[in-house]
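Features reported for this protein in TrEMBL:
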{"type": "DOMAIN", "residues": "B:99-304", "note": "domain 'ABC transmembrane type-1'"}
{"type": "TRANSMEM", "residues": "B:12-30", "note": "transmembrane segment"}
{"type": "TRANSMEM", "residues": "B:105-127", "note": "transmembrane segment"}
{"type": "TRANSMEM", "residues": "B:139-162", "note": "transmembrane segment"}
{"type": "TRANSMEM", "residues": "B:182-201", "note": "transmembrane segment"}
{"type": "TRANSMEM", "residues": "B:239-265", "note": "transmembrane segment"}
{"type": "TRANSMEM", "residues": "B:285-310", "note": "transmembrane segment"}
Amino acid sequence: MSSTVSSARGLGLRINIVGAIGAAIILFWVAVAILAPLIAPYPVGKIVAFDYFQPMSSSFWMGTDYLGRDMLSRIMMGARYTVGISLAGVTLACFLGVTLGMIAAVVGGWFDLILSRFLDAFNSIPSLLFGLVIVAGVGSSLTVLIVTLALIYAPGSYRFARALAVNVNAMDFVTVARVRGEGIVYMVREEIFPNIIGPVLADFGLRFVFIVLLLSGLSFLGLGVQPPQADWGALVRENLDGLSYGAPAVVFPSLAIASLTISVNMLIDNLPYRIRDRGE
Amino acid sequence: MNAVVARLVVQRLGIMLISLLIVAFAVFFATEMLPGDVAQILLGQSATPQAVAALRTAMHLDQPAILRFVYWLGGLVSGDLGRSYANNMDVAALISGRLTNSLQLAGVTTLFSVPIALCLGITAAMFRGSLYDRIVSIVTVSVISIPEFMVATVAVLVFAVYLRWLPALSIADQVHGIGELLRIYAMPVITLSFVVSAQMIRMTRAAVIDTLNTPYVEMALLKGASRRRMVLSHALPNALGPIANAVALSLSYLLGGVIIVETIFNYPGVAKLMVDAVSTRDLPLIQSCAMIFCVCYLLLILIADVIAIISNPRLRNR
């Protein structure tokens, strides 16, 4: 059981074609996010065309936006915000949730009970609403966004990790370690975590999708990434007036979000059985 | 047995109230953390210090936050939602009209989406593994994993731009005649129905398939019952509880959808009111709207729980 990490990697190679396509699209967007300033054909904030909402053409592959800026360049930079913020948010959420979940499972008792009840209650606030309230109170900045997204999705991650950890916690080798007198940190790091990492990674992916959707939703409402920067949700919002003409400036950012979220789902649904299903 | 059910329902109600209290706490403190003096902001730069001090006392701003939380909570319970900062109207008056609009939207959506979703979900489970099932599954997963505003965007592109059946984003506050009413509702309802149905189809399908895996359905299969008979008369009656649970749970997705849909179609409901309040930083209005949404959400989840308890006797003696 202790070699789960390496065996997961070994299994990961034997992935079917749909999962591979999903992985390829994800890698593509990550690469675009990293390389955006180098490969964008035009400066991002610069007005390059005289006409707004231009259709697709050889010089502007995805048309132009409501000010006549190149859409392709803006979507490339948008990838940075959407992928970057979501990744940071989901990492923080899963780190908090999984750590607390494992500790709660190992410690048990009152600590577990109170934390679980509290986080369950937290979980019962609709996510978009919670985001709205926090952004209304504190204002929107990249840090606030990342922390808010993490706070919204940490309780779910906690619940998931705790359920897994409780099962592992009942196993003999954990009892042995406890009898040996190991501390909480050792138990969590050496005994529990290696045995739940597969499902936790799958959960990480799903939560990433939720966070991308929520971030896009917030930006769409004008409360996420603030102009002049724009993530994909904000790009849709900016160009919403072009919807009536069917302008590509509205369609392409939406397609970008959909391609990212659907490919993450495709990847997770086609992960090797052993990684995915131990959680259920 | 009814006493057991009643006790469980009361217990769930208690849990819901505790959740609501924690939610209220979170909502209040998230919005009260604002930097700056509300009284100063309300009265403007030219206000005299005496006027600011008087308003601070009147609004209990000179008291500790926890006391203000208690005052606010007391107000909520007794129906006094406070006054809007932006236009100095009673929040209750602002919300009441909008709430009916939102509830109408939600109601019409429910009427449309529930029958469609149930049919699709049950038939997909009936022909599990067929091409039909796969298409339904792929479409529902796709709809779930794209943002709500994209569903709306696609709906507008299809129905307004290419087919030209419906107006794009122009929705008037005043309605004349039934035709116009239908046209106004059509786009938001189509969008919301898509979002909610996708969840409902998936959960319904899962619930029916769960019962299909039970020994008594296998028995029906072995004795030579047709697929239709197996699903409709053996599996379905036992899946009704989980399905009703699934319906209530997926209706809670209406809330997220409603916020986006009301904004994109400029529909005069509570969600639009709240988004506008966020941009003007009208805290009492935001707090009240948030609480209304949370109450609706928790109620739907409570209904789902109660249905699950009533329909499954095994859940009763825990």
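Glycine residues also receive a Cβ, built from the backbone N, Cα and C atoms like all the rest.
TrEMBL annotations: computationally assigned, not manually curated.
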Under 8 angstroms, Cβ to Cβ: which one of B:105-127, B:182-201, B:239-265, B:285-310 has the largest number of such pairs with the transmembrane segment (B:139-162)? B:182-201
Ranked first among B:12-30, B:105-127, B:182-201, B:239-265 for CB pairs under 8 angstroms with the transmembrane segment (B:285-310): B:239-265
Restricting to the same chain and to residues at least six past its boundaries, which positions have a Cβ under 8 Å from a Cβ of the transmembrane segment (B:182-201)? 105-106, 108-110, 112-114, 116-118, 120-121, 124, 136, 139-140, 143-144, 148, 151-152, 155-156, 159-160, 166-167, 171-172, 175, 246-247, 249-251, 253-254, 257-258, 261-262, 264-265, 267
